[in-house]
Amino acid sequence: MTEPTPPPTPPPGPPLGLLAELTHRCPLMCPYCSNPLELSGARAELATDEWLRVIDDAAAMGVLQIHLSGGEPVVRRDLEQLIARCRANEIYTNLITAGVLLDEARLAALAEAGLEHVQLSIQGSRAETADRIGGYAGGHQKKLEVAGLIREAGLPLTVNAVVHRQNLDHLDEIIELAVELGARRLEVAHTQYYGWAYANRAALMPTPEQVTRANEVVAAAEERLKGVLAIDYVVPDYYAKRPKACMGGWGRQFLNVTPTGKVLPCHAAESITDMTFETVRARRLPEIWADGPAFQRFRGTAWMPEPCRSCDRREIDFGGCRCQAFALTGDAAATDPACGLSPHHDRMVALAEGESTAGADRFRYRTLRQKDVVGSASGG
Amino acid sequence: MTAPGFTAESVPRLASGVRLKDDRARGQTVLLAPERVLVLDETAVAVLRRLDGARSLGQLADELAAEYDAPADTILADVRAMLADLAEKGFVEA
């Protein structure tokens, strides 16, 4: 006898935001890159007219913000055209960039097309550290210059810093730098361990002491910089008691389109290797959102096992992160081990603490060929 | 609560990179900002629609007092508190 198929859970509403990963191409090689280990090349990327249709479909669904990301999105020569189409559809555009390929003329063109906000990544506060982490010589200095050009182009600036064991002790300097660069917002994001970051976890995992100190630095800066710099702090969940509400719940608010047109419930979803994803080349975006199997799989609460199923936080944290559950337990439906109620929680904490003090600092840099590039690729 | 930075003479406006949008798909008005979507209630919409970079806070409170038939000083205090909160988050500036 087969189990009855549960009725499909419809989405609670249209998605608020869409992450458009326009390309995997990028001059940097950050060892925590959020792209999948298996990167796609330029020839496989969606063409301009395919992206334009994604944008039109997103607008028709009610998407309010599109985050133009990558890889490095500015390598796409049609970026201005895509921004203009977002603008025509009244969609808010946010460019997520490493900055090193931008100049005054390109920024003017992007602003002219209707770009509304730029999020610039930095890899640290000091050139030597930052260039070693990004694997790109001269990158840090270039970013400092580009931050000025972004402000001069009249674009509001958010600085984004992914933090980990090898730059966390400079967090106070990173916050200071964001203020100096004229950012109104700073994202301090503890590394989330999927894909490249999972492969580099032993080189990135902060010590518990570093995390405690970082929490204090952020709390003090938030108070001191009220009205000057808003800080968004992504906490490190290996040391958490309760999991994060990943993506605000699977298939509830966000969707992600990859360079080749795959539609994902979150940018790391491809790390769940037993899942397949539809593409906008085969089916339209609103249909995939409405009833695509990948979106249905963890939408709502019916899929949850215990202890999530009966937990009074099940619609607060939605069981945490599916990718993390898969990475650490082999079961994407398991309770996120970041939760203290998970039977795997203690093992996760022990793993983090052990790795954080083992001193394995070498990075496996992000490369298209997945070949280990070790040591000091540049500047370090 | 105090509302540092805003007085009746202040001329507040939405910060750059922040705008109002009529969200027709959900039948509401939202404030779009970097990495944020704020769903606004009717009062907030009435206030934020008037932030044109020309009206002072005092003028704005007087208008709302007339429109909603409420005491201007109460409205001014409420609006100052609302805008101070939004300014702290970087959505509004003077």
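The chain as shown is numbered from 1 upward.
Cβ coordinates come from backbone N, Cα and C, glycine included.
In the three-state DSSP scheme, A:C30 ([4Fe-4S] cluster binding site) is classed as coil. The [4Fe-4S] cluster binding site feature in TrEMBL is assigned to A:C26, A:C30, A:C33.
Sequence annotations record features per position, and here TrEMBL assigns domain 'Radical SAM core' to A:12-229.
The average pLDDT computed over the domain 'Radical SAM core' (A:12-229) stands at 97. Cβ neighbour count for A:C26 ([4Fe-4S] cluster binding site) (all protein chains, 10 Å cutoff from its Cβ): 24. Residues A:C26, A:C30, A:C33 make up the record's [4Fe-4S] cluster site, and a Cβ search at 8 Å around their centroid adds A:L28, A:M29, A:Y32, A:S34, A:N35, A:G71, A:A98, A:G134, A:W196, A:R366 from the same chain. Cβ contacts within 10 Å of A:C30 ([4Fe-4S] cluster binding site), excluding its own Cβ and spanning all protein chains shown: 23. In this entry, nothing among the binding-site residues A:C26, A:C30, A:C33 has a C-beta under 8 A from a C-beta of chain B. When other Cβ atoms within 10 Å of the Cβ of A:C33 ([4Fe-4S] cluster binding site) are tallied across all protein chains shown, the result is 24.
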